[in-house]
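Taken straight from TrEMBL:
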type     : residues : note
DOMAIN   : 30-165   : domain 'Peptidase S54 rhomboid'
TRANSMEM : 40-62    : transmembrane segment
TRANSMEM : 71-90    : transmembrane segment
TRANSMEM : 96-118   : transmembrane segment
TRANSMEM : 125-143  : transmembrane segment
TRANSMEM : 149-168  : transmembrane segment
Amino acid sequence: MIFIGLDFVSPTIKELLDIGGNRRQEILNGEYWRLLSSNFIHIGVFHLFQNLLGLVLSIVFLEKLIGYMKFILVYIVCGIFASLASIYWHEDVVSVGASGAIFGLFGVMLAFAVFKIFSDYMRKFVGIFLGLVMGLSLLFGMVKSVDNAAHIGGLISGFVIGAIFVFANKEQLRIKEKKEF
């Protein structure tokens, strides 16, 4: 955003829309690319840092188990579903940020914990970690600027994708998990 002359700390709604923010009316007008582009726009350094932290933690737990291509695909698909959840829930809110896609990655982790792909130790750790992250997110979601609809949409889509991974590759995933953790 800095490189194209926008205020990185507090861009206006118009500026967010101009660079690819997600809003129901634009999607209904056929600007479907916003469902993806909005996942790569952030409001400020703190917003970007929060999402990078979640992304790094997701990479640590998932990338070696599912591979980098599936990891990227899951990120993109969950980001699109998070954007769809946002426009379904909010009539006139501009949504940006990677957190919906990252919550999708958390959903995959949750599925791996529920369906016992992770070891007992990892399942406990993932349960505590996700409980804290989701609890704090929902709590801070009471703040106007947090899009819980996107978070929940990403989480649900990620859990479904994770369940599909489990039922398609259960033994392979368990073997990889034992080698990695």
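The backbone N, Cα and C atoms fix where each Cβ goes, and this holds for glycine too.
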Counts of helix, strand and coil residues, the domain 'Peptidase S54 rhomboid' (30-165), according to DSSP: 107 helix, 1 strand, 28 coil
Whether the transmembrane segment (71-90) meets the transmembrane segment (125-143): three or more C-beta pairs under 8 angstroms: no
Stretch in 40-62, 96-118, 125-143 most in contact with the transmembrane segment (149-168), if contact is a CB pair under 8 A: 96-118
Remote residues contacting the transmembrane segment (125-143) - C-beta distance under 8 A, at least 6 residues beyond either end: 54, 57, 61, 99, 103, 106, 109-110, 112-113, 118, 151, 155
